[in-house]
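Contents: one structure, followed by commentary.
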Amino acid sequence: MVILGIDPGYGRIGYGVLEKKGNMFNLIDYGVIYTSKEDELPKRLLNIDEQLRNLIETYKPDESAVEKLYFFKNVATAIQVGEARGVILLCLEKENIPIYEYTPFQIKQAVTGYGRAEKGQIQRTLKLLLKLEKTPTPDDAADALATAFCHGNFRRSFKNAGY
């Protein structure tokens, strides 16, 4: 099963692609979709949609895992990220890719065993779990990998529970 993990954002959208075979995870790719600050909102949202469709076409994920939004102090940022997240969910739905959503707490818990883990701890743990040569960066890409990993672990639980 190929899992596309996504860390929603407005200027930077992290993505991570993992293949899960049995209990093993294999890294396929990870990175960041960037949008230009010079572009107006509709152009930035279109850019997210186009780049995400390219990823879907390239990797053909079976399922997707998207990080849920959490509390933002800056309302304008929260609205922008919410708009970008809407484009992401719509794109995945149009491509008939099942969408699973996880809170930051669930993701941290699945990767490190501690729901309040710091970003550095998550990155170091991912490096070990995925047998990477270097720590995954930037944060957005690492968060997306963690989201995909979380889904892979929860997916096993879903299967064992008969879902």
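Placement of Cβ uses the backbone N, Cα and C atoms for every residue, glycine included.
Note that this is a predicted model, so its numbers are computed, not measured.
What Swiss-Prot says about this one:
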type: ACT_SITE; residues: ASP7; note: active site
type: ACT_SITE; residues: GLU67; note: active site
type: ACT_SITE; residues: ASP140; note: active site
type: BINDING; residues: ASP7, ASP140; note: Mg(2+) 1 binding site
type: BINDING; residues: GLU67; note: Mg(2+) 2 binding site
Rounded to the nearest Å - Cα separation of ASP140 (active site) and GLU67 (active site): 11
Conformational class of ASP140 (active site) under the three-state DSSP mapping: helix
GLU67 (active site), number of other Cβ atoms within 10 Å: 23
GLU67 (active site) versus ASP7 (active site) - Cα distance in angstrom: 6
Active-site residues: ASP7, ASP140 - member with fewest neighbouring CB atoms within 10 Å: ASP140
